[in-house]
Amino acid sequence: MYDTQTGEWIEPGKEPMSAPLQREPVYKHLAATFGWMFLALAITFVTSYAVYATGALYYVFASPYLLIAMVVAKLVMVAVLSRNLYKFSVGAARAIFLAYAATTGVVLSSLFLLYDVPSAILLFLVACVYFGAMAAAGIITKKDVSGLGGLVTCGLIGLLVMTVLSMVFRLSGLDIAVSFIGLALFMGITTYDAKRAKDYYYSFEDDGEMLKKISIYSALNLYLDFINIFLYLLRLLGKRRK
């Protein structure tokens with residue numbers, strides 16, 4: 001029998017599932033994903049402030065080798081989680097993600113020295129608005145974004161090259177351009193990652209354990225998007241301490 005309201009064929013004697021009921025599981029999955037992302041942001045902030053308030057920041061940044069080690073550790077954690085997501089348990093995936101958030105907090109603790117706190121808080125709120133709008137667009141859209149992966153990769157490589165050139169030649173104009181391009185790029189990537197987080201549900205909806213792990217992976221991507229949006233806003237509009 002064909003149901004004219006849902007546009008689907010249903011078996012005789014079987015009640016059609018309403019659209020809201022069909023959407024409820026995917027929205028629970030997205031809520032869990034964003035919940036983990038917000039938890040990671042909270043851990044990053046608490047860790048960052050604790051390192052700053054206790055004075056541990058000066059010990060961390062006194063040794064360039066320690067700072068480099070933490071940056072390398074962050075890259076390794078992302079690579080390990082991404083490549084071994086299928087092999088890891090849910091607990092291991094969560095532990096790596098939260099460890100990454102804490103390590104990021106240590107690295108970003110220097111922001112308390114570089115920027116005026118009220119200015120940073122205001123830009124954090126602006127980042128929330130930008131991120132929320134772009135993430136909502138990704139969740140709402142019905143367009144297929146799977147083909148944009150290569151474009152996103154090219155954009156990130158181009159941004160990395162421009163960032164290196166800006167650091168080497170110390171051109172203020174190029175630095176501003178990099179900040180604008182980076183902000184625009186990560187706002188677009190936020191939409192892409194939010195749509196992928198939704199699409200992942202339909203790919204793994206029959207595998208409860210994998211859904212939990214893919215939720216962590218999506219939370220990591222969205223977390224990185226938000227952090228980058230915030231940092232580029234700080235570079236463009238942040239009020240530096242004198």
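Cβ coordinates come from backbone N, Cα and C, glycine included.
TrEMBL annotations: computationally assigned, not manually curated.
As written in TrEMBL, here are the features:
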type     : residues : note
TRANSMEM : 30-52    : transmembrane segment
TRANSMEM : 58-81    : transmembrane segment
TRANSMEM : 93-115   : transmembrane segment
TRANSMEM : 121-141  : transmembrane segment
TRANSMEM : 148-170  : transmembrane segment
TRANSMEM : 176-194  : transmembrane segment
TRANSMEM : 214-234  : transmembrane segment
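The stretch from 30-52, 58-81, 214-234 with the most CB pairs below 8 A to the transmembrane segment (121-141) is 214-234. Among the listed stretches 30-52, 93-115, 176-194, 214-234, the one sharing the most Cβ pairs under 8 Å with the transmembrane segment (58-81) is 93-115.
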